[in-house]
Amino acid sequence: MRTLLIDNYDSFTHNLFQYIGEATGQPPVVVPNDADWSRLPLEDFDAIVVSPGPGSPDRERDFGISRRAITDSGLPVLGVCLGHQGIAQLFGGTVGLAPEPMHGRVSEVRHTGEDVFRGLPSPFTAVRYHSLAATDLPDELEPLAWSDDGVVMGLRHREKPLWGVQFHPESIGSDFGREIMANFRDLALAHHRARRDAADSPYELHVRRVDVLPDAEEVRRGCLPGEGATFWLDSSSVLEGASRFSFLGDDRGPLAEYLTYRVADGVVSVRGSDGTTTRTRRPFFSYLEEQLERRRVPVAPDLPFEFNLGYVGYLGYELKAETTGDPAHRSPHPDAAFLFADRAIALDHQEGCCYLLALDRRGHDDGARAWLRETAETLTGLAVRVPAEPTPAMVFGVPEAAAGFGPLARARHDKDAYLKRIDECLKEIRNGESYEICLTNMVTAPTEATALPLYSALRAISPVPYGALLEFPELSVLSASPERFLTIGADGGVESKPIKGTRPRGGTAEEDERLRADLAGREKDRAENLMIVDLVRNDLNSVCAIGSVHVPRLFEVETYAPVHQLVSTIRGRLRPGTSTAACVRAAFPGGSMTGAPKKRTMEIIDRLEEGPRGVYSGALGWFALSGAADLSIVIRTIVLADGRAEFGVGGAIVSLSDQEEEFTETVVKARAMVTALDGSAVAGAR
């Protein structure tokens, strides 16, 4: 492996030189940071190491071409000390004074066990030479290691092959310097293997950037005729680190497929773009795993997201029969339904542009290029149009007699019956059968609403980071979910953000803040959330590398239009050889919709709820050809089918639960759906 070593005029660069040479088997090529970047033969190198040095990364004299190496080379980069600080600063972090100067001083470094720290004990001893430190890392940079004084000692970019260490691994006083260099070598080689895999794939991804950003609903109406199967994964609320992109597409491409699966049959049914249907008897997750491997296409380096086309759809709750549950109830809808998308439009709400993605077989790209050209012209035309004002939701709602939970709407369990089931949950908890039971109720009503206008109303009422509109032949799914089930990177990084704990928004700023503070501090809500955090940690620990699962954020309050929510974040890294489908299978259904212990609690739920949940409380999103995935929990979601609307509501029952409060919480959670359907707030259930 050939390595370029950029010397920031440091006195330890050739100590790094030796460690790099030992790890790679070849001496690196050393160039000073004031070399001519344009004359460097980057095609001759496999990786770059940016050395320590004096000064600050924001000064040209101190950092020079190190900046270009990080931002422009496209190669795996390891930044050491000053190089580490440069990565942080170039992606929006802050570099300022460290708590105290640390020159030639030894610290213990604690780490996650990932990437450059793979296989190393935590803590280990390292030597530090720095007065500055990286702080306030942006979400695209992930800290991997820390010293006891709280300074970030290691980081990585979530999408690019960039790593940094603040300490000096080459120092004679540092432990495991050679191992860190060997780990970087392995990461660089793995990156290049993934790129070479693209040449082996039977498919080729074509990408075009269009520097306009039309209104998302205008794109849905103007680019997708609405026939067949369509999807709109909608970041109607753009939150840093959670939602930046929306994706739209349909089944008109030459490689598109629409597949459904029902647990009772055990058969995957696939309708191709030519109208023919094939049926395969195979467990769903096994089928999905095989197809993703067969069709694997590495992430395009010029895309700022990991969705490079693939499967878009939902996993219904009753699919639990193929993970950790029993086939107690049969859903009227497919237990899984996905569109294999070979064309998609991505809206970048942060940069104000679009990306067009088209997949074709190698050597047969005329259709893809024509679609890119035509769609770019359509988007440019849509960008000059003023988006229409959303039509009030009540125009499309259920008949007036069914307003709220009126006489034409039917809850599976009325208030008295639901309260009795809460009491049953409390008895099961008192008897030691469960710690937490996520009890839910299903509500149905006749409706004349159609999917797109109704979803337009729902997204206006409740903008969220994980919204979605799936218009499939059997049903339409309209989701205003605020909850991330799992996001899985092509590099194996995993994140889950379960929600447990809800309060309504207040009528005044003072009341709103009081409700928010009550949610943040109430023991009952924290207990609910904590138990699900531990459950999700357990699920991820079954498929993640030892020591990689951690909780960077615990009990954070997130605020949305209708409610405040208590959210925690769990992260990990998949064990080598573990597929994306295997990770989802290990965690499905999401613990925030079951309770704990999961298997026994789902048995209790099956008995008390007396019917299927269907799409509700499953998962919705995409599995990409890159090996990445992003799935939300299906909550705050309306399902339209056969002239009826249905949605689920519920809450976690714990020993501290109050029955009336739990019922009221279901009413609060229903507000967005009911308001979209009939234009009025929920007054109560009958």
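Backbone N, Cα and C define each Cβ position, glycine as well.
Taken straight from Swiss-Prot:
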ACT_SITE  C81  active site, nucleophile
ACT_SITE  H168  active site
ACT_SITE  E170  active site
DOMAIN    2-194  domain 'Glutamine amidotransferase type-1'
REGION    233-686  region 'PABB component'
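You'll find the Cα of H168 (active site) roughly 7 Å from the Cα of the residue listed as 'active site, nucleophile'.
Separating the Cα atoms of the residue listed as 'active site, nucleophile' and E170 (active site) is a whole-number distance of 11 Å.
Mean model confidence for the region 'PABB component' (233-686) is a pLDDT of 89.
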